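Here is what Swiss-Prot says about this protein:
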type	residues	note
DISULFID	Cys63-Cys138	disulfide bond
DISULFID	Cys66-Cys132	disulfide bond
DISULFID	Cys94-Cys106	disulfide bond
DISULFID	Cys197-Cys270	disulfide bond
DISULFID	Cys200-Cys264	disulfide bond
DISULFID	Cys229-Cys240	disulfide bond
DISULFID	Cys314-Cys387	disulfide bond
DISULFID	Cys317-Cys381	disulfide bond
DISULFID	Cys345-Cys356	disulfide bond
DISULFID	Cys439-Cys512	disulfide bond
DISULFID	Cys442-Cys506	disulfide bond
DISULFID	Cys470-Cys481	disulfide bond
DOMAIN	18-58	domain 'Saposin A-type 1'
DOMAIN	59-142	domain 'Saposin B-type 1'
DOMAIN	193-274	domain 'Saposin B-type 2'
DOMAIN	310-391	domain 'Saposin B-type 3'
DOMAIN	435-516	domain 'Saposin B-type 4'
DOMAIN	518-554	domain 'Saposin A-type 2'
CARBOHYD	Asn80	N-linked glycosylation site
CARBOHYD	Asn214	N-linked glycosylation site
CARBOHYD	Asn331	N-linked glycosylation site
CARBOHYD	Asn456	N-linked glycosylation site
SIGNAL	1-16	signal peptide
Amino acid sequence: MYALALLASLLVTALTSPVQDPKICSGGSAVVCRDVKTAVDCRAVKHCQQMVWSKPTAKSLPCDICKTVVTEAGNLLKDNATEEEILHYLEKTCAWIHDSSLSASCKEVVDSYLPVILDMIKGEMSNPGEVCSALNLCQSLQEYLAEQNQRQLESNKIPEVDLARVVAPFMSNIPLLLYPQDRPRSQPQPKANEDVCQDCMKLVTDIQTAVRTNSSFVQGLVDHVKEDCDRLGPGVSDICKNYVDQYSEVAVQMMMHMQPKEICVMVGFCDEVKRVPMRTLVPATEAIKNILPALELTDPYEQDVIQAQNVIFCQVCQLVMRKLSELIINNATEELLIKGLSKACSLLPAPASTKCQEVLVTFGPSLLDVLMHEVNPNFLCGVISLCSANPNLVGTLEQPAAAIVSALPKEPAPPKQPEEPKQSALRAHVPPQKNGGFCEVCKKLVIYLEHNLEKNSTKEEILAALEKGCSFLPDPYQKQCDEFVAEYEPLLLEILVEVMDPSFVCSKIGVCPSAYKLLLGTEKCVWGPGYWCQNSETAARCNAVDHCKRHVWN
């Protein structure tokens, strides 16, 4: 009923203009269809509905309010409210208006034109803007744009340019700036060219100096670029920020390892005797197929960069494992050891630190249990892919290595399975993937979530990202992604709360195939020589006395 009261108020605003001269009916659609009162007087309601009021409308507050009220009025009619009841209520609403003249006008409008308006509402429930145009509360979009252009021409002022409209065409011209397709018709003056080159080199030098001397400069620059991303609109803004997060660090590193002259030559501000080789530009129609509509996310770090850091990771891992072995010998508590591992993980670079923390949270107790049974620390670093495996140790520690590898999220090649004793390691088999393609789409979706969600995200945040994540994948994957999320959402949500490693998550829920894997069993005698030979009692219990005498105790 509140909606009807608001509708009555809008009717007063729209229809209290003076009665028009009958000659106005010959003035054409623009005049006849300016409001419902004129259209009724000229008997042109149907004509106005078809030719004028049904056209797109400009966005405005009165128009939006009117559309809401008309929609609510239509809902009341659907609830079987009679026209007499609505008319009586509107007349009572008019009586509440304090201004006596407005109250009388309101009642006159309701009595005279409400049946026409209600008929329009019944017939055009899907387009409330048509009714609001008849009430002169919504303006035609075509008319609005024409008025704007005319006003700009008459003002004789230079309009302010929206930066967001300038950025996009500028970005599209960057390839032509880097690799011009045609030589300039006239060579620039040497002096001017030298000035531009010197200015470019000075700018790059100043930026490099600021990066070295001011620790907050890079972050400030990144924040400034993200502010510019906000001006690109809701859809492009998130993609822009995602690119900045992925590639800003790599871009700064590249700039710091290049000479200013080299950078300025690349962007075309400085000349070089040996010209920079030009790349063949891909036509825009072809390039956009690879970039849009999905802007596929890629890892910001190349594989060879990670491999170059493996030596450092290996040394750090060996140092940490040796220290933990010493603490175990000194009877340190498990809580103290876990804290020590967590601190060690935090000292690693970002990619390795995140992986280290995930492995620690999920499998920390199992790793410590293996260390307590005198497994070589260097070998342990090998099986978690931070060091190259030592071939001399593989033969003697094959079973515990297989157990550790199966507990880690990363899946190396499965080890050879030894002959199973009566009590052996538990066997687990991941069911084959369903629908033949969920493995690939699962990994792409988890990669998207990994890049766009903060660490320790809540279930609600992960669920919201899942619901819209499929729309950011390439077209061939979107339908399949929707089916995948619909089928696996509950299980996927439970795992993503704990870990977001694509290979681990997709294997865990069973959409990516995997070989039989050995899991760390409850029977300790399957842990291998590191456990069998710790003392004679354990060796006897595991039937390994002869083995320990030949290979360990000699």
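Just so you know, the numbers here start at 1 and follow the chain as drawn.
Using N, Cα and C of the backbone, Cβ positions are placed for all residues, glycine too.
On a predicted model such as this, the values are computed, not experimentally measured, just so you know.
Distribution of Swiss-Prot features across the structure.
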{"residue": "Asn80", "record": "N-linked glycosylation site", "Cβ contacts under 8 Å, 6 or more apart": "none"}
{"residue": "Cys197", "record": "disulfide bond", "Cβ contacts under 8 Å, 6 or more apart": "Cys264, Phe269, Cys270, Asp271"}
{"residue": "Cys240", "record": "disulfide bond", "Cβ contacts under 8 Å, 6 or more apart": "Lys226, Asp228, Cys229, Leu232"}
{"residue": "Cys442", "record": "disulfide bond", "Cβ contacts under 8 Å, 6 or more apart": "Phe484, Tyr488, Pro502, Val505, Cys506, Ile509, Val511, Cys512"}
{"residue": "Asn456", "record": "N-linked glycosylation site", "Cβ contacts under 8 Å, 6 or more apart": "none"}
{"residue": "Cys481", "record": "disulfide bond", "Cβ contacts under 8 Å, 6 or more apart": "Val441, Lys444, Leu445, Gly469, Cys470, Leu473"}
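In terms of DSSP secondary structure, the domain 'Saposin B-type 2' (193-274) contains 65 helix, 0 strand, 17 coil.
Taking CA atoms as the reference points, Cys200 (disulfide bond) and Cys138 (disulfide bond) are 53 Å apart.
Note on the domain 'Saposin A-type 1' (18-58): residues 113, 116-117, 120, 124, 127, 129-136, 138-145 of its chain, located 6 or more positions outside it, place their CB under 8 angstroms from a CB of the stretch. On a Cα basis, Cys381 (disulfide bond) lies 72 Å away from Cys132 (disulfide bond).
Secondary structure from DSSP puts Cys138 (disulfide bond) in coil. In this structure, Cys345 is the one among the disulfide-bonded residues Cys345, Cys381 with the smallest number of other Cβ atoms inside 10 Å of its Cβ. Secondary structure at Cys442 (disulfide bond), as computed by DSSP, is helix. Take the Cα of Asn214 (N-linked glycosylation site) and measure to each of the disulfide-bonded residues Cys138, Cys314, Cys439: the nearest one is Cys314. Between Cys138 (disulfide bond) and Cys345 (disulfide bond), the C-alpha separation comes to 62 Å. The separation of Cys317 (disulfide bond) from Cys356 (disulfide bond), Cα to Cα, is 10 Å. Model confidence over the domain 'Saposin B-type 1' (59-142) is summarised by a mean pLDDT of 68.
Within 10 Å of Cys314 (disulfide bond), judged by CA to CA distance, lie the following disulfide-bonded residues from the set Cys63, Cys345, Cys381, Cys439: Cys381.
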